[in-house]
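If you look up TrEMBL, you'll see Arg69, Glu127 marked as substrate binding site. The Mg(2+) binding site annotation in TrEMBL covers Glu127, Asp154. Per TrEMBL, the feature domain 'HpcH/HpaI aldolase/citrate lyase' maps to 8-222.
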Amino acid sequence: MSDYSPRRSVLYMPSSNPKALEKAKTLPVDAIIFDLEDAVAPGAKDEARAAAAAAVGSGEYGGRELVIRVNGVGTEWHAADLVAAAKAGPDAILVPKVGSADQVRALATALEWAGAPERTQLWAMIETPGAIFDVREIAAASPRLAVLVMGTNDLVKELYAQHVPGRAPVHVSLQLSVLAARAAGIAILDGVYNDVRDTDGFLAECRQGRELGFDGKTLIHPGQVEGANTAFAPSAAEVEEAEGILQAWEDGAGTGVVTYNGRMIENLHVETAQRVLDMQAAIRGR
Ligand SMILES: CC(C)(COP(=O)(O)OP(=O)(O)OC[C@H]1O[C@@H](n2cnc3c(N)ncnc32)[C@H](O)[C@@H]1OP(=O)(O)O)[C@@H](O)C(=O)NCCC(=O)NCCSC(=O)C[C@H](O)C(=O)O
Ligand SMILES: [Mg+2]
């Protein structure tokens with residue numbers, strides 16, 4: 001059985017914005033992140049915390065995965081956020097600016113103490129230079145940790161780098177993080193694209209994210225949902241090829257190597273083809 005969960009489109013919204021909370025119920029997103037951190041002004045933190053918990057408990061978001069992003073460890077809001085989020089019992093609690101494997105283990109323990117249901121996963125944002133150096137240990141630190149989420153805005157800020165098309169300044173960080181997630185067997189989501197009017201630039205970054213191996217992209221605007229859903233799903237051509245490969249393998253039963261459209265097919269290609277079909281089935285089932 002496949003362990004693939006569609007997380008092609010993962011939309012942040014400020015939990016202090018009732019219009020966005022309402023709008024999200026109508027959007028074909030795979031997951032929603034109710035933000036309590038950067039998108040919420042200090043004076044609105046209490047109200048946002050209550051709104052996020054109410055949204056998670058409302059039962060009005062269908063099959064979408066629901067995630068609460070708490071304020072970071074060491075901030076004045078972190079403890080209250082974590083307790084409220086644990087009590088609300090979303091699918092996951094996302095912690096920003098995670099810095100080490102020890103911190104992940106401490107967060108997992110804190111979630112237990114706070115009474116988070118077992119099904120509530122821990123997600124960690126990778127968005128500091130220290131996290132990039134420790135990302136392999138972070139990714140493998142706790143069975144509760146299920147997803148890494150790139151925070152490319154904070155990363156660019158911390159590196160004194162610049163946002164440029166193609167993202168060369170953060171390429172190494174993106175690739176190290178994908179390697180770490182795959183080595184640990186967990187999922188990983190790409191960072192956000194800030195210019196909500198630049199569709200071409202956004203789609204190019206989605207394609208790049210998919211090529212690098214990300215499972216999906218974090219988003220900031222409803223206008224980005226459709227592009228991400230398409231980019232991170234197998235295309236019709238990929239599905240057709242996967243079916244052809246499985247058929248060719250079945251036809252050549254037991255030979256160890258066959259050809260499909262003139263290309264060598266071995267067991268590993270069959271596994272990749274099966275994964276494409278599993279992804280397609282999971283997306284259809286959503
Ligand atoms: C970027 C925005 C502030 C733009 O808002 P606005 O100008 O209101 O957009 P529109 O008028 O085009 O909106 C059209 C309708 O869509 C709704 N809307 C907008 N954004 C969202 C959303 N994110 N989720 C749900 N619904 C949304 C509007 O309410 C309009 O609805 P209606 O009038 O009923 O048609 C805004 O998009 C926004 O706030 N985006 C999210 C910002 C955010 O959450 N930022 C924090 C996460 S990003 C981050 O921190 C990354 C990371 O940590 C890093 O370091 O990189
Ligand atoms: Mg950030």
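Residue 1 is the first one shown; counting continues down the chain.
Just so it is clear, glycine is given a Cβ too, placed from its N, Cα and C backbone atoms.
Sequence features, as recorded in TrEMBL, placed on the structure.
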residue : record                 : Cβ within 10 Å
Arg69   : substrate binding site : 26
Glu127  : substrate binding site : 25
Asp154  : Mg(2+) binding site    : 18
Query raised in the report: Taking the Cα atoms as reference points, how far is Asp154 (Mg(2+) binding site) from Arg69 (substrate binding site) in Å?
Result: 15
Query raised in the report: Of Arg69, Glu127, Asp154, which binding-site residues come close to ligand 2, meaning Cβ under 6 Å from one of its atoms?
Result: Glu127, Asp154
Query raised in the report: Could you give the mean pLDDT over the domain 'HpcH/HpaI aldolase/citrate lyase' (8-222), rounded to a whole number?
Result: 98
